[in-house]
């Protein structure tokens, strides 16, 4: 499939057009027609009903639902993707409520600040959906994508969506969506690209605390951050001037190595070496909650069980159903942007960290190698990192 940029999609939506939004392959893997309520007209709903053929819904921000007292359709939501339907509605000025014009009228009433809860008949023929707070950064659904896209166009946080079905009633996927796009001259994007766009242009980290932190390796300033879209807590320790190409280490948390000094890995030794380097040369360490390359502590211990049976660190992850590395570095990039940093010297042997930061607009000026001694217990682990994961060691 050929996808368009988010910028082109935003422009099309502002012009009152519908676009196609495709979700992830491991989710519904389907395409929805999406339009912004503020910019759409009767033709939008008619096109969705005639060509899309799916259920026409109206994604809205939680604040709209609360203001208009739109209650959940079902208190015990058992939908496999957690789609948050409210009771269906018709605006009181409609007749049957089903025509394209009347569904447009109902959708437009949702974003009219003069609309009152009593202005809707319930049930009706339009199905509002409540988007999760923080949108696609919290849930990778078409509901959240529609509301996020509406905001990005400068409109009220509301849209209309409709699943795309083939002529035979099956769901359009892959080449079917590509043909639909070409036939109707529509822009098409992925939710994944919308997530990346938002992460690249928005600052979603919040400083919650700053303290002096004396350590065995020197005296640092420690900053505590949270994010808008998860319950993660991230710390950064800083020393010296950060203005010109600061030295930065992104360190993934490793309880076994950092705290218990496990010799199965080189994590604890790398953290200590990084702290010594930053103490001497200045810079920052961003400590990320990415235990076990993102699989979590217990799963890392399960991977160790497999390693004891002859697996390596990569094949163990794969055997447990994970990719070899689940880490993403957008939070680190956002923390750097919080400090107005766009160019760094990176303390790392891992090329994926370079790529991960560059994907979010951070330029790597120089690499500072971080070589620590092997132990008798981590030789195989180090060889796997070098030979299978491309680490520069």
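Yeah, the Cβs are placed from backbone N, Cα and C, and that goes for glycine too.
Per Swiss-Prot, the feature region 'DHBP synthase' maps to 1-200. Per-residue confidence over the region 'DHBP synthase' (1-200) averages 95 (mean pLDDT, predicted model).
Per Swiss-Prot, D-ribulose 5-phosphate binding site is recorded for 27, 28, 32, 139, 140, 141, 142, 143, 163. Around residue 142 (D-ribulose 5-phosphate binding site), the same-chain residues at least 6 positions away in sequence with a Cβ under 8 Å from its Cβ are 21, 23, 32, 34, 59, 161, 191.
Sequence annotations record features per position, and here Swiss-Prot assigns Mg(2+) 2 binding site to 28, 142. According to DSSP, residue 142 (D-ribulose 5-phosphate binding site) sits within a helical segment.
Taken from Swiss-Prot, the feature Mg(2+) 1 binding site covers 28, and the record attributes it to sequence analysis.
Sequence-distant neighbours of residue 125 (site 'Essential for DHBP synthase activity'): residues of the same chain at least 6 apart with a C-beta under 8 Å from its C-beta are 88, 90, 96, 97, 98, 102, 103, 106. Among the features that Swiss-Prot reports, site 'Essential for DHBP synthase activity' is placed at 125 (among others), with the record citing sequence analysis.
Under the DSSP three-state reduction, residue 163 (D-ribulose 5-phosphate binding site) is assigned to strand. The feature site 'Essential for DHBP synthase activity' is assigned by Swiss-Prot to 163 (among others), with sequence analysis given as support.
The region 'GTP cyclohydrolase II' feature in Swiss-Prot is assigned to 201-393.
Listed in sequence order, the residues of the same chain lying 6 or more apart from residue 348 (GTP binding site) and placing their CB within less than 8 Å of its CB are 249, 250, 354, 367, 368, 370. Sequence annotations record features per position, and here Swiss-Prot assigns GTP binding site to 249, 250, 251, 252, 253, 270, 291, 292, 293, 313, 348, 353 based on sequence analysis.
A C-beta separation below 8 Å, combined with a sequence spacing of at least six in one chain, links residue 254 (Zn(2+) binding site) to 262, 265, 267, 268, 271, 291, 292. Following the DSSP three-state reduction, the secondary structure of residue 254 (Zn(2+) binding site) is coil. The feature Zn(2+) binding site is assigned by Swiss-Prot to 254, 265, 267, with sequence analysis given as support.
Note on residue 325 (active site, proton acceptor): other Cβ atoms within 10 Å of its Cβ, all shown chains, come to 19. For the recorded site, residue 325 (active site, proton acceptor), the DSSP three-state label reads coil. Taken from Swiss-Prot, the feature active site, proton acceptor covers 325.
For residue 327 (active site, nucleophile), the same-chain residues that are 6 or more apart in sequence and have a Cβ closer than 8 Å to its Cβ are 252, 288, 290, 293, 294, 352, 356. If you look up Swiss-Prot, you'll see 327 marked as active site, nucleophile.
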* On a count of neighbouring CB atoms within 10 A, which of the binding-site residues 32, 163, 291 is highest? -> 32
* Structure fact -> DSSP, reduced to three states, assigns residue 293 (GTP binding site) to helix
* Lowest local Cβ density (other Cβ within 10 Å) among binding-site residues: 253, 265, 267 -> 253
* Structure fact -> If you measure between the CA atoms of residue 325 (active site, proton acceptor) and residue 253 (GTP binding site) and round to the nearest Å, you get 14
